[in-house]
Amino acid sequence: MAGNFDSEERSSWYWGRLSRQEAVALLQGQRHGVFLVRDSSTSPGDYVLSVSENSRVSHYIINSSGPRPPVPPSPAQPPPGVSPSRLRIGDQEFDSLPALLEFYKIHYLDTTTLIEPVSRSRQGSGVILRQEEAEYVRALFDFNGNDEEDLPFKKGDILRIRDKPEEQWWNAEDSEGKRGMIPVPYVEKYRPASASVSALIGGNQEGSHPQPLGGPEPGPYAQPSVNTPLPNLQNGPIYARVIQKRVPNAYDKTALALEVGELVKVTKINVSGQWEGECNGKRGHFPFTHVRLLDQQNPEEDFS
């Protein structure tokens, strides 16, 4: 299902000058396909498409050739002798940002299409914290997690606290950027001895240290996949191969358990990212990030 946003409504998705760290803070923990467009801080005139996908935040550079177009571009024709600007992302070229966003409504970047812009209400919610304001804990015991909302960790791991919704359960983030709920009795408060420890957690997903807010753009950019369209169930059955094991909550009878390598018949594609399907004679819902769609033109090549 295509994204539910108006690509011509600039104010909903364009954030102007925003650092990578600020973009991560806005998008981390959002559902797959939530995105924003910002100015590149290292390449003036270019843009960056930042997207929440596969439990991380990916950043795709959008290179602009020729005069930088307005956002969205004016319908006026360029002066004689001036070539119109072109926008390139990966191997794709577009005349405007709205055209680019429309394309990725129905084509995958890596593991998701564009679903909706991040809400601007998060800008004033205190979600962006400077490192000195962050709170950390150290694990006293191993914790394997009991359900999908939990964040597993090992004894000695350093975690960054993001929120405290309950007295005994806090929301935390590990050094890989994964987030989830942790049991408070399993951890102790921890104060980093140096900035290098705090920089390790809560930074960008490419492994380089986060920069000060509004600072340079660290780390490499992701590359979009080549022309992978969102499948259309009206064209016939769609199959996918499980790439990540899933053990659903025992109390959720509508969730589908998955084992790596199993074949899933997709029966419904929801914009939320929770798809529905059949596997081993059982029907239920599952996160689409746990499967890889097979080549619908030659599915038999993947069935073996």
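Every residue, even glycine, has its Cβ placed from backbone N, Cα and C.
Among the features that Swiss-Prot reports, compositional bias 'Pro residues' is placed at 67-82.
Positions annotated as domain 'SH2' by Swiss-Prot: 13-118. On the 0 to 100 pLDDT scale, the domain 'SH2' (13-118) averages 81 in this prediction.
According to Swiss-Prot, the feature domain 'SH3 1' maps to 132-192.
Summarising the annotation, Swiss-Prot assigns domain 'SH3 2' to 235-296.
Annotation comment: Swiss-Prot describes ALA2 as N-acetylalanine, evidence class similarity to another entry.
Under the three-state DSSP scheme, SER40 (phosphoserine) falls in the coil class. For SER40 (among others), the entry in Swiss-Prot reads phosphoserine.
Annotated phosphoserine per Swiss-Prot: SER41 (among others), in sequence order. The local packing around SER41 (phosphoserine), expressed as other Cβ atoms within 10 Å of its Cβ over all shown chains, amounts to 18.
Per Swiss-Prot, the feature phosphoserine maps to SER74 (among others); the stated evidence is similarity to another entry.
Swiss-Prot lists SER83 (among others) with the feature phosphoserine.
Under the three-state DSSP scheme, TYR108 (phosphotyrosine) falls in the coil class. As annotated by Swiss-Prot, phosphotyrosine applies to TYR108 (among others).
Annotation source Swiss-Prot lists phosphoserine at SER125 (among others), citing similarity to another entry.
Annotation source Swiss-Prot lists phosphotyrosine at TYR221 (among others), citing experimental evidence.
Mapped onto three states, the DSSP output places TYR239 (phosphotyrosine) in strand. Feature annotation from Swiss-Prot assigns phosphotyrosine to TYR239 (among others).
What Swiss-Prot records for 61-85 (among others) is region 'Disordered'.
The feature region 'Disordered' is assigned by Swiss-Prot to 201-229 (among others).
In the shown protein chains, 11 other C-beta atoms lie within 10 A of the C-beta of PRO237 (site 'Proline switch'). Summarising the annotation, Swiss-Prot assigns site 'Proline switch' to PRO237.
Note on SER40 (phosphoserine): other Cβ atoms within 10 Å of its Cβ, all shown chains, come to 19. Residue pair TYR239 (phosphotyrosine) / TYR108 (phosphotyrosine) shows a Cα separation of 16 Å. A Cα-Cα distance of 22 Å separates SER40 (phosphoserine) from TYR108 (phosphotyrosine).
When the alpha carbons of SER41 (phosphoserine) and PRO237 (site 'Proline switch') are compared, the span between them is 44 angstrom. A sphere of 10 angstroms centred on the C-beta of TYR108 (phosphotyrosine) encloses 18 other C-beta atoms.
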